[in-house]
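Quick notes on the structure that follows.
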Amino acid sequence: MKRIAVLTSGGDAPGMNAAIRAVVRKAISEGMEVYGIYDGYAGMVAGEIYPLDATSVGDIISRGGTFLHSARYPEFAQVEGQLKGIEQLKKHGIEGVVVIGGDGSYHGAMRLTEHGFPAVGVPGTIDNDIVGTDFTIGFDTAVTTAMDAIDKIRDTSSSHRRTFVIEVMGRNAGDIALWAGIASGADEIIVPEEGFKIEEVVESIKNGYAKGKKHNIIVLAEGVMSADEFAEKLKEAGDMSDLRVTELGHIQRGGSPTARDRVLASRMGAHAVKLLKEGIGGVAVGIRNEQMVESPILGTAEEGALFSLTAEGKIVVNNPHKADLDLADLNRSINI
């Protein structure tokens, strides 16, 4: 394989630039040419494909976001969209593609491989909800950003003896809430993977103030409900007059990546190039027990594949991601 391309797709995540840098420089060191596909699959179809060299990716390791830009392009799920993209790949002499993004991006990588263009997925999302890996690129930075914000909110919360409901990102996963909540000493952490009783939350808040606590911090994963809705439920269940709500929002997707995300992204990007050089496609890289691994994107659970097809042709996750609820137990045991 002499010429490959790299793209980023879906929501951006800190560390994507570090992964792109690793792909480009590892490929060059292996004697390969590298092209950047701008604006994800939409850019592939539009022919936004340009050569990259070592200088192109200089000084981007510390930058958040993705300098290749990203876009959601649902049309690539259709054969017509895939064939248009493949036509552009052929036009530019590209033989393999590294796709950095979430599970939707993986589906595109799988389709490219089926059409004869080996593609390797690299997990880039702050949500940490991709199967086949312990951690995704951007998660550590998002947790650190959320933790820093929660620390600041605690300062003002203590000054006024207030309760704060702080909503963090994560889509349907509670990983950011759990990690940021524990790291910031949150009093309550509410995640989609675990049920809760609003009356028990209210009782815990009141008990905390009775013990002399100066604040009460509730970290809420967005996959449960909005912070405003949760606050209304608290007010309905008890006297919560001095209650404030904060939605951290897209600040969690930006910023310079942490050292861990930079190293993780570099390892994953380089490993993806190694696989393409060996002619391997239709797989996604990951990290398990601090070791690089790869898993088939499509197949059976027994084969270790991430996704499978139903009889109706629908793509389903073989082993859906769930946040580690041992962390929830830990938080309860140390917040007394």
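Keep in mind that glycine also has a Cβ here, set from the backbone N, Cα and C atoms.
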Residue in ARG3, ARG154, ARG244 which Swiss-Prot records at the ADP site where ARG21, ALA22, VAL23, VAL24, ARG25, GLY185, ALA186, ASP187, LYS211, LYS213, LYS214, HIS215 also bind: ARG154
Which of GLY11, GLY15, GLY31, GLY170 belongs with ARG72, TYR73, GLY102, ASP103, GLY104, SER105 in the ATP site listed by Swiss-Prot: GLY11
Those recorded positions listed as ASP103, ASP127, ASP187, and which of them has the most Cβ atoms within 10 Å of its own Cβ: ASP127
HIS215 (ADP binding site) versus GLY102 (ATP binding site) - Cα distance in angstrom: 37
Residue among binding-site residues ARG21, ARG25, LYS213, ARG253 with least C-beta crowding, 10 angstrom cut-off: LYS213
Cα-nearest neighbour of ASP127 (active site, proton acceptor) within the listed binding-site residues, VAL23, ASP103, MET169, GLY185: MET169
Of ARG72, ARG171, HIS215 (the binding-site residues), the residue whose Cβ has the fewest other Cβ atoms within 10 Å: ARG72
Spatially closest candidate among GLY11, SER105, THR125, the listed binding-site residues, to HIS215 (ADP binding site) (Cα to Cα): THR125
Substrate binding residues THR125, ILE126, ASP127, ARG162, MET169, GLY170, ARG171, GLU222, ARG244, HIS250, ILE251, GLN252, ARG253: largest Cα-Cα distance, in Å and rounded to whole number: 33
